[in-house]
Amino acid sequence: MIEIDHVTKSFGDYVAVADADFSIASGEFFSMLGPSGCGKTTTLRMIAGFETPTEGAIRLEGADVSRTPPNKRNVNTVFQHYALFPHMTVWDNVAYGPRSKKLGKGEIRKRVDELLDIVRLTDFAERKPAQLSGGQQQRVALARALVNYPSALLLDEPLGALDLKLRHVMQFELKRIQREVGITFIYVTHDQEEALTMSDRIAVMNAGNVEQIGTPTEIYDRPATVFVASFIGQANLWAGRQTGRANRDYVEVDVLGSTLKARPGETTIEPGGHATLMVRPERIRVSMDAPTGDVAAVRATVSDLTFQGPVVRLSLAAPDDSTVIAHVGPEQDLPLLRPGDDVFVSWAPDASLVLPGADIPTTEDLEEMLDDS
């Protein structure tokens, strides 16, 4: 187990990580996700030993290693640039670590052959790095980092140098390799798809703070803050006020020019308090007629349509001029819509979530965060 015990890291007056407090289980695929400057890489560097906490402690298997040098910690790091030895074969690159530890030849061969089999590079053992694709080079770097059996492997945006299609392939390869070797992987990324695809749990970070830790499903379906909701996936976020409780299970919020029943979040909001209602675009139904049953519904006017393959992305204007985004698939069986058409948009109360506050990041804010990552 790895414990981050109330860790703060400051550089002068700048606080890069503020009171981070969480643990990572042995054998877990744990991701730290967030925009540039959120503190994820600094946290990884403190686990690796490249930075020292200003406050708090880092423990590996119960031992405080906060001031232990990197070479004395049983962890290895894979960076975006793999730093393979160009003059060595794949086999010799992987064997470098065990040789430097002066293991026996038989043990070295056993370990290297085992790792090359796991990363599916046995047939490439005699090639040089320049003869490999980017994905193959990355798997060599993984094998080299794993061959000494570290207690944890730290990965700092290792897929960033690959093209989009290869990144998708390598996401599944990384998860497969992690399951086969059973070693803790701690993965840093600003790419939400990578984190959602591979992780057992995710820590979402923003401005030095850990905003939420949970499984991919928990992070996506029940974000704890407006930032998490806006950063993970696509979400409709409408600012309003919570007026009270509808019943034991739901609250009422004034948004979109209506009072709507919605699922409360984890944070208690007093009646009249600022609130944000979140609904994912894929949870919204669009209909020509007023919906029936226990749903939240408002009138809306089609502003724009974009074909996106399996769905059509509809942008609609609500009565209060707020924008509603809906992803409409063929199962909704709608007639051909055009800008200016009046429709109803609706969703089940369980498909919504009320979050505290009404400070919603703009699209430009999020794009700037990601551009800097």
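Quick reminder: no glycine exception, Cβ is built from N, Cα and C everywhere.
According to Swiss-Prot, the ATP binding site annotation covers Gly34, Pro35, Ser36, Gly37, Cys38, Gly39, Lys40, Thr41. If you look up Swiss-Prot, you'll see 2-232 marked as domain 'ABC transporter', on the strength of sequence analysis.
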Sequence-distant neighbours of Gly39 (ATP binding site) in its chain (C-beta under 8 A, six or more apart): Lys9, Ala16, Val17, Ala18, Ala20, Met205, Ala207, Gly208, Asn209
Most crowded position, judged by CB atoms within 10 A, among Gly34, Pro35, Gly37 as binding-site residues: Gly34
Count of other CB atoms lying within 10 Å of the CB belonging to Ser36 (ATP binding site): 13
Sparsest Cβ surroundings (other CB atoms within 10 Å) among the binding-site residues Cys38, Lys40, Thr41: Thr41
Confidence summary for the domain 'ABC transporter' (2-232), mean pLDDT rounded: 92
